[in-house]
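Structure first, commentary second.
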Amino acid sequence: MSRERSDSQGSLGPDDEVMPYSDDETDDELDPGSDEEGPPGGPQPEEIKSTESGWSVKANDRAFCNLPEFQKKYLLCLKKSKYAGNGIKTYKYNALTFIPLNLLEQFKRVANLYFLALLILQIIPEITTLPWYTTLVPLVLVLGITAIKDLVDDLVRTSCFEHDKEWGGEMTETFSKPRFQESKWMNIHVGDVVRLKKNGHIPADILLLSSSNPNSLCYVETAELDGETNLKFKMGLKVTDERLQEEGQLAQFDAMIVCEEPNNRLDKFTGTMCWRKDRFPLDLDNMMLRGCRIRNTDECHGLVIFAGADTKIMRNGGKTRFKRTKIDELMNYMVYSIFVILILVCAGLAIGNTFWYEEVGSKAWYLKDGKDQTASYRGFLSFWGYIIVLNTMVPISLYVSVEVIRLGQSKFINWDLQMYYQEKDTPAKARTTTLNEQLGQIEYVFSDKTGTLTQNIMAFKKCTIVVQSIMVDFSWNKYADSKFEYLDHSLVACIRSKKDKETLEFFKLLSLCHTVMVEQKEDELVYQAASPDEGALVTAARNFGFVFLSRTQDTITISEMDQEMTYEVLALLDFNSDRKRMSIILRFPDGRIRLYCKGADTVIYERLSPNSRHKEVTQTALDIFANQTLRTLCLCYKDISKQEFDAWAKKHKDASVAMGNREAALDQVYEQIENNFMMIGATAIEDKLQDGVPATIAKLAKADIKIWVLTGDKKETAENIGYSCELLTDDMQIHYGDDIKPASATPQDSTQPIDDWEKESRQVDFVNMACECEAVICCRVTPKQKANVVSLVKKYKKAVTLSIGDGANDVNMIKTADIGVGISGQEGMQAVMSSDYAFAQFRYLERLLLVHGRWSYIRMCKFLRYFFFKNFAFTLVHFWYSFFNGFSAQVAYEDWFITLYNVMYSSLPVLLVGLLDQDVNDKLSRKFPKLYLPGQQGALFNYKNFFISLFHGIFTSLVVFFIPYGAFLQTMGQDGEAPSDYQSLAVVMASSLIFTVNLQISLDTSYWTFVNCFAVLCSIAIYFGIMFDIHSAGIHVIFPSTFTFTGVAPNALRQPYLWLTIILTVGISLLPVIFIQFLCKTIWPSVGDNVRHKEEEEEKKKPAPFQRDRRSRRSAYAFSHSRGYADLIASGRSIRRRPAVARPDPRDSITEVPPSQ
């Protein structure tokens, strides 16, 4: 009979569950009301429509998809089939649509739209005070750089779908009566029967019908789908395997498939096949997804279920959750603040223009312009004129500059060899370019245990069948794994004697109750397990003489002490995180029916028969195993009568073909048979810590980063792992959640909240209490609860969170946190595919946060502070000039200087500071974790820093305007002429500003390289080079109306007193900054200043290097070797050194952390 099989990507164990992999989960989709397992707020999987007529496919019948009931509207009254064709596009743009679509997207951004509106205003003659190109050139450059970035991203995204490069032109064989014919991928339709060959790509989501391998087994490689390189197995139904091998049989195939609607869940498929008056359940094991390749299978046949845009890989190519950093949010608010300041300043200047015209302008005969305009109307026009003049207060190039810096920082993470794991050839990978500075602000780290803190390489260490512990020799077993070790000689003797039936049942259960697949490679059995736990248990049974050999759809064959036995599989009751167990129902060769079950002790013990033995002994052993940080599972069995099974099998068959809530229906049926178990024993599996985990946790704790471990293990196991990794220490006071009762709980029901208000109150109490602890370990949590815990801390603490995990059960947690980190471990690549950053070992998290995160935060904050300052210093000169030009919106600089200031004259040095600057090197960043604290406190960029930049810009603009203005009041040149003209003043102010802002960034640069020095000098040189060119007579002759400052620069800058004016202006602008920096470093030093000072002191205290010319030098071993310890050894006295008494360190609170091993 048909049965429910486990998912091929499923896993087994008390803390493993395959969760949906979806890029469409966002915080908006969190449903507090649907979660009964923990606090509300965790992300929920995408709901699947389960109507019977939701998605129907008729085999060998294309016309079925075009029936009226399957038509949908797509444009006004036009209709088309809801079944997509197989022609798809993986690109966003093409040659015709790139420019219009990209521009449309970019002008959805408020800043770009604002500058487009300015450009339109500059076309209006009565308003414009600046030529159109002063806005157009920077806008085109910003749009162009962003467009190039978008185009590159689109090309990279397209290249990820290697088999779609030729627009669906690859060929495959489609059945067209009476035979198979070659057809292009784009011509495949839902309902087609296709034949696939070895090493070929799978063109659509296909239901496997039969294959050339026994039992319709087919191996697929899913590397392009989920990044995993190991092969997955797919298996056709027994009925299709037996009846659909020949072309004639395939021609008569007319089954109806009813399944879920197209969705993005790569780990699940639910459907039913109706054929020949019978119904058969379908699951993911029967499906071959687009994006995979056929391996180790000569050919196979399948039925197209989803095509083109409806396939799961294309559904996963949709929107991703957009994560925004704190600095992003703050930066946006500051840009809004600048815009408000701009409006107020322009309004004030417009009012000034109104009053000035009434009092002065209207009475001066030489200012008459022949226009009959009132003072109020002139003030109104002046307002828009100043909006144009002062537009550079709103930084047009800010966002594109930030993107360039983030891209560079991401590349540095990718190129970091100290985060490269040579054993698996795995480099660190920044999978996003938008979150780098957030890595420097992490307050809470939520970590999975298995595979994240531990290696996830399982070793079967102990079991409870009341035995001794010594080394075992497995040479008697030809199937034994040479790497397997176990300390119990008497256990082997007991098995070989075949006297203890319970011991034999113990290992028989391990060899039968699993979802492992086996391959024969060079006379060796190779197991492919869904989880390392299963692999370890089946390998243990194999070494003790119970060898899993093969399986089909309804049989499983093992070797019991060299005797081959085949059992009929009647049902396989799959594992999930709610059940925390799996069972298999078998018919023995003698006709007996027995259920074997393995699972967590919490669910097994409550289902044991009152007559079960070994309860207390097993519980004692479980406690011992847990205290030794071993992963435990309980094993039990139940004999079932034929009548009981037949009655249950009918319910199981109905539940297995249900389209609505199939999982819930199956779980309910499973509960009816999984009871009255007889205990056999328990297993204990060791999972060692990864290298460097304790040192990494200690470093992060000293950086005031709180670490929470979220695991599905028992409390004792989780606690002991906490001690092993030094998350918990002996001087900590441990509090258990079981001992803490809510104060507001009623005696009748202290666990269930009365209403939503009390539920929220308890959530707040839980978060407040837990966040007061130095470390938190949550045990027995499901994947959904992991995400809920992260969501609660984000919600009530407003803290920056990071989640790190390695398996599919960590995906929701990774996506819920502000930053998700995936570890490419033993459980596949789903965590990595859903993460923002990925690497191979937990210890690399220290470098990611304390070095790259901290540097990125410092660089971005310094960049933003300086960027706002230089724009304020540049723009506000117009403001001061307004008081001397009648508030007429006349500009203080030359037009081309305004155009190129942010683009060429001041952009390169600050970009390099944003990319390369560092206050201390990477070794000191890790040596002194307290350096991380300013990022958590947001101390380097906030509204205080913003207003400091604003006032700094105001001061600089005052100096840049008024000192040259005062110098030009009464001056005389060497030739007796007074160059006190507006154009010369503009040149002097511009030159002073360029020197000031470039020297200011030099003062702010902590880490000097050749490129920083070159950028500063190059920016100044470019300024003078371009200025002399556009002030030349030659370019004026060609464009007389555009270049009007003819000969101004050569004439003005040959006057020594104007150079003196520039030097005076720059000096007065920078001297207060130098003085303040000196005071800050001497009186109020930062943590970084203290570290640098301490390091300089240590460098001075180092002994002088060895001098080769000293007479004490010895070059031979005989002369350099001192007297040995022969006398001491012969005397028998102890040669161990007594412990030295530590002397107190008189220096300040800077604490050095020993480097990680």
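Placed from the backbone N, Cα and C atoms, the Cβ positions cover glycine too.
As the structure is a computational prediction, the values presented were derived from the model and not from experiment.
Under the heading region 'Disordered', TrEMBL lists 1-52 (among others).
Among the features that TrEMBL reports, compositional bias 'Acidic residues' is placed at 14-38.
Residue counts of the domain 'P-type ATPase N-terminal' (72-136) by helix, strand and coil are 27 helix, 8 strand, 30 coil (DSSP-based). Sequence annotations record features per position, and here TrEMBL assigns domain 'P-type ATPase N-terminal' to 72-136.
Sequence annotations record features per position, and here TrEMBL assigns transmembrane segment to 333-357 (among others).
According to TrEMBL, the transmembrane segment annotation covers 377-402 (among others).
Here TrEMBL flags Asp448, Thr450, Asp806, Asp810 as Mg(2+) binding site. Counting every protein chain shown, the number of other Cβ atoms lying within 10 Å of the Cβ of Asp806 (Mg(2+) binding site) is 32.
Per TrEMBL, the feature ATP binding site maps to Asp448, Lys449, Thr450, Glu534, Phe575, Lys598, Arg631, Thr711, Gly712, Asp713, Arg780, Lys786, Asn809, Asp810. The Cβ of Gly712 (ATP binding site) has 27 neighbouring Cβ atoms from other residues within 10 Å, across all protein chains displayed.
For Asp448 (Mg(2+) binding site), the same-chain residues that are 6 or more apart in sequence and have a Cβ closer than 8 Å to its Cβ are Val709, Leu710, Thr711, Lys786, Ile804, Gly805, Asp806, Gly807, Asn809, Asp810, Met813. Residues or ranges marked as active site, 4-aspartylphosphate intermediate by TrEMBL: Asp448.
Per TrEMBL, domain 'P-type ATPase C-terminal' is recorded for 832-1086. The predicted model assigns the domain 'P-type ATPase C-terminal' (832-1086) a mean pLDDT of 90.
Taken from TrEMBL, the feature transmembrane segment covers 863-884 (among others).
Sequence-remote contacts of a segment are chain residues at least 6 beyond its ends whose Cβ falls under 8 Å from one of its Cβ atoms, and for the transmembrane segment (896-916) they are 130, 133-134, 137-138, 141, 392, 395-397, 401, 404-405, 408-409, 859-860, 862-863, 866-867, 870-871, 874, 986, 990, 994, 997-998, 1001-1002, 1004-1005, 1007, 1009, 1011-1012, 1015-1016, 1018-1019, 1022-1023, 1026-1027, 1030, 1043. The feature transmembrane segment is assigned by TrEMBL to 896-916 (among others).
Feature annotation from TrEMBL assigns transmembrane segment to 946-970 (among others).
What TrEMBL lists as transmembrane segment is 982-1001 (among others).
Per TrEMBL, transmembrane segment is recorded for 1013-1039 (among others).
Per TrEMBL, transmembrane segment is recorded for 1059-1080 (among others). Sequence-distant contacts of the transmembrane segment (1059-1080), counting only residues of its own chain at least 6 positions beyond either end whose CB sits under 8 Å from a CB of the stretch, comprise 952, 955-956, 959-960, 963-964, 967, 988, 991-992, 995-996, 999-1000, 1003, 1053, 1086, 1089.
Annotation source TrEMBL lists region 'Disordered' at 1094-1117 (among others).
In this structure, the binding-site residues under consideration are Arg631, Arg780, and the one with the smallest number of other Cβ atoms within 10 Å of its Cβ is Arg780. Put simply, of 333-357, 946-970, 982-1001, the stretch with the most CB pairs closer than 8 A to the transmembrane segment (1013-1039) is 982-1001. Below 8 angstroms of C-beta separation, residues 866, 869-870, 873-874, 877, 892-894, 897, 905-906, 909-910, 913, 956, 960-961, 963-965, 967-968, 1016, 1019-1020, 1023, 1027, 1045, 1048-1049, 1051-1053, 1058, 1061-1062, 1065-1066, 1069-1070, 1073 of the same chain, each at least six residues beyond the ends of the transmembrane segment (982-1001), sit close to that stretch. The two recorded residues, Gly712 (ATP binding site) and Thr450 (Mg(2+) binding site), have Cα atoms 9 Å apart.
Per Cα geometry, Arg631 is the residue among the binding-site residues Phe575, Arg631, Arg780 nearest to Thr450 (Mg(2+) binding site).
In this entry, Asp448, Lys449, Thr450, Glu534, Phe575, Lys598, Arg631, Thr711, Gly712, Asp713, Arg780, Lys786, Asn809, Asp810 make up the residues listed for ATP, with the farthest two CA atoms of the set 24 Å from each other. Cβ neighbour density within 10 Å is lowest for Phe575 among the binding-site residues Thr450, Phe575, Asp810.
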